[in-house]
Structure formats: C-alpha cells, structure tokens
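Structure, as structure tokens:
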Amino acid sequence: MTFYPAAAPPDGDRRTAKQKIAAYLEPWLYSAPVLILIVAIMLVPLALGISYAFRDIRLLNPFSGAFVGLKHFRELAGDGAFRGALVNTLWWTFSSVILQFLFGLILALLLNRPFRGRALAQALCFLPWAVPSFLSGLDWAWMFNPVVGPIPHWLYALGILSEPSNILSDPETAMWGPIVANVWWGIPFFAITMLAALQAIPKDLYEAAEIDGAGPIERFRSITVPFLAPTMAISILLRTVWIANFADLIIVMTNGGPADRTQIVASYIFTQAFRRLDFGYASAIALVLLVLLLAYSMLIVVLRQTMLTRH
Amino acid sequence: MASITIQSITKTFGTVPVLHDIDLSIADGEFVVLVGPSGCGKSTLLRMIAGLEDITGGEIRIDGRRINEVAPKDRDIAMVFQSYALYPHMTVADNMSYSLKLRKTARERIAEAVGAAAGKLGLDPLLERRPKALSGGQRQRVAMGRAIVRHPKAFLFDEPLSNLDARLREQMRAEIKRLHKAIGATSVYVTHDQIEAMTLADRIVAMHGGIIQQVGNPLDLYDRPANLFVAGFIGSPAMNFVDGHCRSGAIETDDGSRIAVPGGIDLAEGQAVTVGIRPEHVRIVAGSGAGSYTARVDLVEPTGFGTIVHVRLLGQDLKIYTLERGAAEVGEPLHIALDGDRLHVFDRETTNRIG
Amino acid sequence: MTRKRIVLTVLHRLAILAYVAFALFPLFWLLKVSVTPTSLLYTEGIRLWPSRASLEHYAFVLTHSSFPTFFLNSTIVSASTAVIVTIVAALAGYAMSRFVFRGKYWIVGLLLLTQMFPLVMLIAPMFKMLSPLGLTNSLTGLVIVYVAFNVPFATFLMQSFFDGIPKDLEDAAMIDGATRFTAFRQIILPLTLPGIAATLGFVFTAAWSELLFALMLISGNQATTFPVGLLSFVSKFSVDFGQMMAAGVLALIPACLFFLLIQRYLVQGLTAGAVKG
Ligand SMILES: Nc1ncnc2c1ncn2[C@@H]1O[C@H](COP(=O)(O)OP(=O)(O)O)[C@@H](O)[C@H]1O
Ligand SMILES: [Mg+2]
C-alpha cells in the first residue's frame, strides 16, 4: 500500500535565485549613486576629520601627521578665543533665529490675508532668500560702510551713533552687522514655511469660531497657534542647528573681527583651516562643535518625548 | 480570450494576512464580479491577477499557464482603475494607443484599433484632448477604451464606476454589460456595490475578511445566501435578522414570539439560530389571523416606487418593503405575515445557512 | 466698525509696504551704487539716486577684469552640479517614493544625518583627499564636492515630487506593456518635469552661492568662481565700490532668474529637508 501525501498547495514564488536577487536589488540600484556619493564624499571625510582631531596635521609642515592624542583638546580648554567663539555662537544663533522667526511669522500672517497685488508683494518679500549668501554679506557690509552706505548716516541722524561710523569695526556693535544681514536673508525661510502652514488651516474652523463668538485674538490663540505649533517647533529646531553652522556671512562681513568679537565656532574652524592651515586643530574644534550640536539635538528629542508623555 | 484559474492563493503584507486560501476558476468569456465590503482584499486579489502584487502562496494560471512569475506586461491583460489612471501628458488617442506602441504594432493597425474602440465608446470627438479637459464620465470611457483597443486575454476592473455620480454610474453599468456581450472577453470586476454585482455578473464571488464566502450566479446569492454575511450584504434594503432558539419545534425569538420552522429544515432543540427575512418578503395582511403578527408602525420612508415601513416587532426594528402606497401610517397598528418558504435560517454558531 | 476696518486695512498695507521696502532696499542700494559714477560717489553721499547714472563700472568689470571668467566658471560649476544632482537624486527619490525595502529607513537616516553636521568640518579632510588626486584648484573637484552636498536635499525634494504622482499611472503603464524602467521614463519623468526644473533651480542657486569650500579648494585665477573672485576683489581693491557692486549685480542676475523658476516650489523645497537656507 502506498501513501500519497495530501496535495500541498503550489508555492507562490518560483522565480530563480537570480531573478529574486535582481528584484531585491532594484531599489538599491536606483539609490546606489546617491549612496556612493554620500559615503565617499561626506562620510569618509567626516571620519578622516574626526581622526585629524587626534593628529598633528599642518598643511605647510611636511613632517606633521603624528598621533598626538588629546593635545588639541587640552589646548582648546585653554584657548580664550575658542571660549569667546562659543559665547558668540550662542549670541549669533539665538538672536538670529528669534528675530528671523518673529519677523517671518508676522510676514506670513500679513501675507495670509488676500489683497490686491499679493502675489507680487510675496515674491518681492521672498526675494532676499534667492540672493547668494556671500552677496548678502557683502551688500550689508557696504550698507554699513559710511563711505557708500546710508545706514551710519541714518543712525547718526537718529542720534544713535555719535558720528557716522561703521558698526562693523566697533567691537561692541560688530556682531549686529552679520545678525541684521542674516535676519534680512532668513526671514523668507520662516515666512514661507509659516505661510504654508497657515494656508493648511481649514477656513471653516475660523468661521465656526466666529459664530461661536470668538474675537480675532481668541481665534488666533485657540486656532492659529495650535495649528502652527508643530511647524514652528520643527523649523526653529532645524534652523538653529543650521545657523549655528552658518559661517558665510561672518567670514564675508567681518572675518571674525574686530578682536574676535564676531568669531563663531564655525568661522573659527574655517579660519584655523584656511588661514593657519592647521587642519588638526581645526578638526578638533569641529569635533567639539559636532558633539555640542548632537547634544542639542538629543536634548530636543528628550524634551519632546517628555512633553508628549505629559500630555 | 482565456480562462483564469486561481488556486490556493494567499497573500500577506509583511506579517498581516490579507487573503486566505482563495480558490476560483473563471471560464473563458465569463463575467465574474468580486464583491465585498472595502478592505476585504478584492483589489489585492485583482492586482495579483494583474501581476502588480507578489503572490505569497498558491498559483494563478491564465489559459492553463502558470503566471506567478510573469511580469504584468507579458500577461496580456487590461485593467481599468478606479482613478482611471489616464496619462495626463498624453492625448486621448495616445492614451489608447500606448499599449499598442509598446508592442510595436504597425501605425495603420494602431489607428484602426483606436478608431474602432473610439467608435464603440463614442470617443471620436475627444481623441485629441488631454484627460484634464474631459468630464468624469468621459475619462471613464477613455479608460475603458484604453482597455479594449488591444483585445487582451482578460479585462480587470477595479471599482471603475465608484467615482461617477449615480446617474452616470447606471448608464456606464449598462454600457459595460453591453460591451461584454459584444466582445465576450473574460472579465473580473471588483466592486463594493452589490447592485453593480447583481446586475453585471455571470457569477458573483462574495468576499469578506480575505475569504470567499460564496460563489454563484446573482439570483443564487439572493435566493440562497450561504451565510449571514452574504445574506446581509446582498439585497437592499438589507435583510432583517431575528435571533432565536429552537424550542419544541418552533423558533422562539428573544422577545418570546414564535416563528414556525420552515419546511425541510432540521433543528436540534435549543439550537441558537438567526432567522433572516428580506423586507420585500414581509407581507402586510388585512387582519390578524393565525401566524400573523401585529406591530405598531415606527417610521415610513417612501422611495417613490415603493415604501420602506419600519415596525417594532420580534424585538427588532423590522423593515418591510411594500409597493402599496399608504399601506401604513406612523403610530397605526399593522398586521404582518411571514412566509415560511421565504425565511432563511442560519446557525448562529457557524453563521452558515441551514437547509 | 467700518472705521476700525479701514484703519486695520491701512495698517496692513503699510506693514506690507514696510516689509517690501526692507527686502528690496539693500538690493536697490547695490544697483544704485553700481550706476553711480566714481566722481559722484563721495560727493553725493546718501542720495537715493545719483544725479547722473552711468554704466561705466559694468563696462570696466566686463572688459578689464577677470569677472567674465569667474562668471563662466561659476556657471559651469553650478550648471554641471545641478544637472548631475538632479539625475542622481531623481533615481534615488524614485526608489524612496516607490519601493518598500529593508534599508530604506537607513538611507533616510543617512541623508538626514548629512543635513545635521557642520559642513565646515569637512573642509580640511576634503582638501587632503582631493589634493593628491589633482582635484584641488579644479572645477571638476568643486563639482564633485557640490554634488555630494546637494544630493541629500535634492533626493528628498524629488521624492516629494514623485509622491505627488499616483502610483496607478505606473501600474497602468506596466499592464499596458511597459517595464518599470520604461514606465519611469515615459510616464513618470515627463510628469515630474516641473519638479525637475525646480530641483535644478534649487541646486543651481545653492552651488552658485557656495563660498567656503571654493575659497579653500581654489587658489588660481583659472578656476576661481564668482564668490571667491568677488571676495578677493573686495579685499584687494576695496575702494572701487562702483565696480564691486556692478560685479555684485552681475552675480545677482542668475540667482534672480532661478528664483523665478522655483518660486512656485519654495514650500516644497524648504520642507524637503529644511536645509538650503
Ligand atoms: N501595500 C499594502 N501594504 C499593506 N497593507 C495593504 C496594502 N494594500 C492593501 N493592504 C491591506 O490589505 C487589505 C485589503 O486591501 P484591498 O485589497 O485594497 O481591499 P478592497 O479592495 O477589498 O477594499 C486592507 O486591509 C488593506 O489595508
Ligand atoms: Mg479596493
């Protein structure tokens, strides 16, 4: 007597191993160029840069290259210019972000109500964003220059300055130069993101609230703010990191001076690498900046989690 | 033209099973409708036939040839999508001829085929337009035209009429039926609308939760639903269900009324059952008599042709569909009879039909 | 009530006007100085428009300086970067939009990571890596670097454009007889053209503005890009304000042209990674 096993259902997939591998690899083939580029031109230098932080690498010294352990970091601990740059970075980052955000939000609210010529006004208000950053820096540096720029004369006329001088060359006021340029250049970023978020709020919510008797301030508080909050939070966080790393305006307008009063960490790194060609020290500073930014991002994530769990 | 055999098909998305052991044979030239509530796996099954989803287990054959590993383009089938999926950057003519161009058909043959299809669907004046410049109904026609130009082995339809308004839907439904009669191609049609299923199908496949509930011709499903799901799904207004137990030869409902057990049905004493009766099979009778019930009218919904009367009976909101106008007034008593041979009895345990 | 309305409307328009003035004034000033003859620059001070406008600075910049070369270099670098980035990002963005595959989240994570760390970090190692390959002081080297920097953001951007195209269209094409790649080429790409144009614009502007890496990697006039050229001009001849600003206006022109191109897509561009400032 023979036993026949119950007919097993046919298997769904009888492709050959080669066909299966081809199907599996398809998305990887599409992504491969991007991955190769990022690994070769961003991750490898990143790893190299981290290793430089522990080595003596000076471009003009062919005998440099030795492993020096934590030497750079010890130097860094005693480097007054670096400490100054840290403070300047905080000052630069937070005043830029806060001002960009506030004015960007106001601009978005202004542009959110219909009026004749809105499209044109919007395009003109957003135009600074398209101006290359180096040109924004130069342009504002010229605006602050009493020889060709109007601003010192206006400030003098208003009694703010005792004589029409360049605020960029006064250590007390120099930082305001790059900050003003940065605000001018960055308002559109916040205005654009906020405007998009505003336009995504369903209009009937406002109508319902109005019927329920809510005034304009109450409507703003109970509808606009909660709807905008997530966009605000995300764009502020990302922007903070971005601006902390953004050295172009400072390099162009003041080069960190006068007396290092506008030097931020990112521009300090550039100065060490570009002017002093001390790649080892520059990389050590860069590593510290990286760690600080990571810590900041972590802090944000943790804050977000605790806020989410509390609700 | 072709037959389609679906054998022991299963499908899982990640770890979520969506289709369980589907078996179905579709004969050459047959019009089969897959019907079921949304999310039951109809589209997934259709897309597996088309080759747009991998087959987790089982086998699909077209004309006896296993096609599990065949790319969609080599299956020689056409599909009409719910969204129509017309190529926005091509004219109607280009949309219709795209498949033929890909197959390197000679230009004269393409023009001929497009012309013929356009003629059948009344698309001639629209051939040079872009989809954006068409109304919903016209887009639907173009989608149909794109499917029929190349005389595929089988047509697949995924809710092709769902985006049309009611009137247009009726019109297109009739047109699809006419086209099928003319072309005679094997068709698999997915819908959640039981009226579409009833009117179009040679055979209906009722699905629920990734399982085939019943396969049969439309009137079979209407007359002898295999289980509670099919009974409730097919028919509008939906079937009335009354829960009860078998007590001394009759069905005693939960509110204590008794319904005679229809002939030919054996029930065990105490067996939990559900009795189903279609609203159109509840009779309104002149006076109370043996086997009739009396209830107060709760609500009257005239539909124009007929009237849906709601009464409170057998512990239920019982619906009655009647063609007589003015047969019931809200608040008035109504006498009702249930015909034994119109009753459906289901085992409450298995939900399957008894008898 | 209507009085209040009118007051509010007037205030609103005034505020808009103030913003427009704030946004445009520095650019206006740039233009004004660039057409002010040197002889009038110091005597007329802060007049809003010179009593006599002239194009002499433009003529000088275009004929007697290296700016035309710089302009050409920048155009070559930015255009090549934009084209390469867009092609590469279109492929990857398509994969991110259309395939479900293990490893996708790793790729997204990797792309996001590149947006978080300070790019100045890479200046030193990049120089060390490119110099033995002969890629410092060369436009090719700059293009390679710029391509890598812009590819993550462009990938997210392209993905968002692909996400906007219904998947049904490809399914329909594949049933009509196309392979996936044919469907990508003949159906999806043509529909993504506006998105591709926008991506080209975003990347072009980004490459056109890049300064720090160009400063580090380029030292000879041959391969100098516009930002580097302008900056060294400023530090060498810092009294020729008219010429500097004329050069500045020239640098502004392509940026403004591309701004027109991408204006409709600003929101998508800024949210696609919130990177390019
Ligand atoms: N790509 C997918 N990934 C995960 N789950 C899916 C996918 N497609 C469909 N499903 C799930 O499979 C089930 C059946 O879907 P579908 O076949 O579209 O249903 P129907 O067409 O009957 O409405 C649904 O629960 C749906 O959520
Ligand atoms: Mg479906």
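Including glycine, each Cβ sits where the backbone N, Cα and C put it.
Curation does not apply to TrEMBL; its annotations are automatic.
Taken from TrEMBL, the feature transmembrane segment covers C:12-31 (among others).
The transmembrane segment feature in TrEMBL is assigned to C:70-93 (among others). Long-range neighbours of the transmembrane segment (C:70-93) within the same chain, counting only residues 6 or more positions beyond its ends whose Cβ lies under 8 Å from a Cβ of the stretch, are 107, 139, 142-143, 146-147, 150-151, 154-162, 189, 192, 196, 199-201, 203-205, 207-208, 223-230, 250-251, 254.
As annotated by TrEMBL, domain 'ABC transmembrane type-1' applies to C:71-262.
Taken from TrEMBL, the feature transmembrane segment covers C:105-127 (among others).
Feature annotation from TrEMBL assigns transmembrane segment to C:139-162 (among others).
Within the same chain, residues 78-79, 81-83, 85-86, 89-90, 94, 150, 153-154, 157-158, 160-162, 164-165, 169-170, 173-174, 254-255, 258-259, 261-262, 264-265, 268-269, 276 sit at least 6 positions outside the transmembrane segment (C:183-205) and bring their C-beta atoms closer than 8 Å to a C-beta of that stretch. According to TrEMBL, the feature transmembrane segment maps to C:183-205 (among others).
Residues annotated as transmembrane segment in TrEMBL: C:211-234 (among others). Within the chain, the transmembrane segment (C:211-234) has long-range Cβ neighbours (under 8 A, six or more residues past its boundaries) at 65-67, 69-71, 73-74, 77, 119-120, 123, 126-127, 130, 135-139, 141-142, 145-146, 243-244, 247-248, 250-251.
Non-local neighbours of the transmembrane segment (C:246-267) in the same chain are 27, 30-31, 34, 57-58, 60-61, 65, 67, 71, 74-75, 78, 194-195, 197-198, 200-202, 204-205, 208-209, 226-227, 229-230, 233; each lies 6+ residues outside the stretch with a CB under 8 Å from one of its CB atoms. Annotation source TrEMBL lists transmembrane segment at C:246-267 (among others).
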